[in-house]
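So that you can see what the record holds, here are the features copied from TrEMBL:
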| type | residues | note |
| --- | --- | --- |
| TRANSMEM | 6-28 | transmembrane segment |
| DOMAIN | 16-272 | domain 'G-protein coupled receptors family 1 profile' |
| TRANSMEM | 35-58 | transmembrane segment |
| TRANSMEM | 73-95 | transmembrane segment |
| TRANSMEM | 116-136 | transmembrane segment |
| TRANSMEM | 156-179 | transmembrane segment |
| TRANSMEM | 219-243 | transmembrane segment |
| TRANSMEM | 255-274 | transmembrane segment |
Amino acid sequence: ALGIILAVLAPLVIAANAVVAVALLRLIQKSSSKGLYFVLNLAVADATVGFTVVGLVIDEFSQTVNRPQVFCVLRMAFVTSSSAASVLSLVLVASDRHLAIRKPFHYLQLVTGTRVGLRLLGVWLVAVLVGFLPALNPRFQKVSAHAKCFFFGVFHPAYMLTVFCVGFLPALFVFAYLYCDMLKVASAHVQQILEVQQAGLAGGCPPPRPAGEVKAMRTVALLITCFTLSWLPFFIVSILQTACSSCYTHGVVENYLWLPGLFNSLLNPLLYSYRQKDVRLQLSQWVAGVKRRI
């Protein structure tokens, strides 16, 4: 059953992110917005998650063969690195939207090509470091006699606790701070809009339209909600497993609780293609062009 689920999810994740990545590349060619590179990087990271899961699908359907310890460590390191890159890319996207709302008049001066490139490079370096930490530090490895590769078969529970404290929890705090600050800025803007509307109605001028950052806030709120619901159960059970090593919950963690994290890589491109008008328009134009060619 797990192999079938992975075999269905992996191609969907790859295909959805590939389509959104192509649409974003065309948007980048048309516009000068550097913030689209962060969304493109998120699509690339999520597509990489799908590619790394293909190896797990092969393991599920292959015959029972004892894999070498190094092979399993490297395979799961690639899965963890791509997932970490996806999470860090979400943080970059939220930070970019926060900067656009907080400093809209200086956004173009602050978000330059060099700074975008350095941030993207930093994301992948940190993701690779987090994912390959057990390969660099044997104390985070665990010798297992199981035939197939899975997280707790090769990773010590202390590693999952480290990832939670160093990666997941700070990312969740950053998400919460950015959203609360955007909510504060948007509330101030709404108050200003109401004052201008009252003055405009009194002076016979048409009231201004609502601020555009409300839509960006909703998108970030959806990202935070999906991210939290997808990964929080996995890390909670991982911590419980670390605290109580005799409680055998490996089957629950391996077969069920990490699947929402994989599903989150499918939700991200669907969310952006639905929430972003430019992406929807680009996708519709692309589909129309394909229909004409057919």
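Cβ coordinates are placed from backbone N, Cα and C, and glycine is handled just like the others.
Counting Cβ pairs closer than 8 Å and at least 6 residues apart in sequence, the transmembrane segment (255-274) and the transmembrane segment (116-136) reach fewer than three and form no contact.
Segment contact is absent for the transmembrane segment (156-179) and the transmembrane segment (6-28), given fewer than three CB pairs below 8 angstroms at sequence separation of 6 or more. With a cut-off of 8 Å on Cβ pairs spaced 6 or more residues apart, the transmembrane segment (35-58) and the transmembrane segment (219-243) reach fewer than 3 such pairs and are scored as not touching.
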